[in-house]
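Each remark here refers to the structure printed beneath this line.
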Amino acid sequence: MDSSGTVRNQTSDDHSRPADAAGTAATLYGAPAETRSPRRSRFTVRDVAAAKSRGERWSMLTAYDFTTATVFDEAEIPVLLVGDSAANVVYGYDTTVPVTVDELIPLVRAVVRGAPHAMVVADLPFGSYQAGPEQALATATRFLKEGGAQAVKLEGGARVAPAVAALVGAGIPVIGHLGLTPQSIHALGGYRVQGRDEAGEVLLADALAIEAAGAFAVVLEVVPADLAARVTKELHIATVGIGAGADCDAQVLVWQDMAGLSGGHVPRFVKRYADLRTVLGDAVRTYRDEVRGGQYPTVEHSY
């Protein structure tokens, strides 16, 4: 990682993009940091593995539409997750349980069109893979064929390892998800920290099972920081933290939370990097008032 925070790839001998002719180190996307080219290549599972081996951290954000996907891609966010959190922030459901494959695939298509450089990961929603490997493969195939996703994510530990193995065997990259798994919120009894005390050993065993099944990364959500650090050290694949401390290989947030657009309760692990809810609200109210008062449109905005 350079002084500006840019994650840099390995040399061509260790499965990464080479430096340019002048010897300038390449960025995560393969272009020199000083002269980034608009023709960046798409981030891949090999880049994730290379970052893990070099101890380089990377970021992930959710995305659900074309416009925000273009912004995140231009900002060089390497991985975009079309999460089942769309159930909450797009469709207005109370939990992630109701959202369907048919509701998510159009969102995946939009994000893929808006992000030609990021890896786009699609969440497998509740009820679309729990029946077993055959159902999981059918669902994941739809997300790749119809949505254009490059990888999928699914929740669960050892119990879903056969499904993970089936997907990987079919050539579909997989991210696991452990800890607080929102699709199981009713079984967990609410949104609370997972993996304390002896439950931490179970979580570690689940992480190892997901790795053995062939996943290239695993999300750790709302688990103690020391446990996440231990899992990260034990695994050869990347860990992606969300409320799991600072030692994970990567971090992910719901973009509306990160940018201050979400209303209501905000989890402790969220850092708001902007206050878009206030900015957008002010802009909308100003527009409303100017239309009412005849101040908009003016000659400047007329033909």
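Note that Cβ sites are derived from N, Cα and C of the backbone, with glycine treated the same way.
Pulled from Swiss-Prot, these are the features on record:
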| type | residues | note |
| --- | --- | --- |
| REGION | 1-41 | region 'Disordered' |
| COMPBIAS | 1-10 | compositional bias 'Polar residues' |
| BINDING | Asp84, Ser85, Asp123, Lys153 | 3-methyl-2-oxobutanoate binding site |
| BINDING | Asp84, Asp123, Glu155 | Mg(2+) binding site |
| ACT_SITE | Glu221 | active site, proton acceptor |
Glu155 (Mg(2+) binding site) and Asp123 (3-methyl-2-oxobutanoate binding site), Cα-Cα, nearest whole angstrom: 9
Recorded positions: Ser85, Asp123, Lys153, Glu155, Glu221 - member with fewest neighbouring CB atoms within 10 Å: Ser85
Lys153 (3-methyl-2-oxobutanoate binding site) to the residue listed as 'active site, proton acceptor' - Cα separation in whole Å: 13
Rounded to the nearest Å - Cα separation of Glu155 (Mg(2+) binding site) and Ser85 (3-methyl-2-oxobutanoate binding site): 13
CB-centroid shell, 8 A cutoff, 3-methyl-2-oxobutanoate site Asp84, Ser85, Asp123, Lys153, site residues removed: Thr62, Leu81, Val82, Gly83, Ala86, Thr96, Leu104, Ala122, Leu124, Pro125
Rounded Cα separation (Å) that holds between Asp84 (3-methyl-2-oxobutanoate binding site) and Glu221 (active site, proton acceptor): 14
Asp84 (3-methyl-2-oxobutanoate binding site): tally of other CB atoms within 10 A of its CB: 29
Between Glu221 (active site, proton acceptor) and Ser85 (3-methyl-2-oxobutanoate binding site), the C-alpha gap once rounded to whole angstrom: 13
Secondary structure at Asp84 (3-methyl-2-oxobutanoate binding site), reduced by DSSP to three states: coil
